[in-house]
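Below: the structure, in structure tokens.
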Amino acid sequence: MSHGPLRVGIGGPVGAGKTTLTEKLCAALAHRCSMAVITNDIYTREDAEALMRAQVLPAERIRGVETGGCPHTAIREDASINLAAVADLRRTFPDLDLILIESGGDNLAATFSPELADLTIYVIDTAAGQDIPRKRGPGLARSDLLVVNKTDLAPHVGVDLARLEADTQAARGQRPYVMARMRAGVGVEAIVAFLEREGGLQLLPQD
């Protein structure tokens, strides 16, 4: 019996690289499983349109949800608008293996209730500063996977990357994290492996 697609919530501050991560995952996985994407923006469908322009998925597999809410959550706390989008995608594509749900904001607890997402990925930006891991916000501490993005910017913004990783490790404890450069595709394989390992995602072999 099918339990339906794996639903993965992607959150993080504006500009951290959530849409780039979503795009890279689509490029890596679209030919290996049946997948779809839901993006959440405040008043526009900008992220959905960016994914369509990138042509990583057919347009009918991308849903742009306009939440009209606070930019720090951008997925309503009751999740109903996103649950409706999930249900619509499952009706349209009954064979779905994976749905990525990209938040427009960084409040992970409000963003992804357990009824909406099976796993959560939180993205932070190295350029946001050395002390981000030490602040230990809920997204950073509690997400199922933390992606520390734009590590190549560290020397340009005065961030000691070794210390940043040590602080990240301390903040995460036993929870996994990935040091990444999403634009270059660095870290994508580790995230795919996480989805297979923790989410039970079954993929066709690489071409």
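Cβ atoms here come from the backbone N, Cα and C positions, even for glycine.
Taken from Swiss-Prot, the feature GTP binding site applies to GLY12, PRO13, VAL14, GLY15, ALA16, GLY17, LYS18, THR19, supported by sequence analysis.
Each of the binding-site residues PRO13, GLY15 was scored by the number of other CB atoms within 10 Å of its CB, and the largest score is that of PRO13. When each of the binding-site residues VAL14, ALA16 is scored by how many other Cβ atoms sit within 10 Å of its Cβ, VAL14 comes out lowest. In the three-state DSSP classification, PRO13 (GTP binding site) falls within coil.
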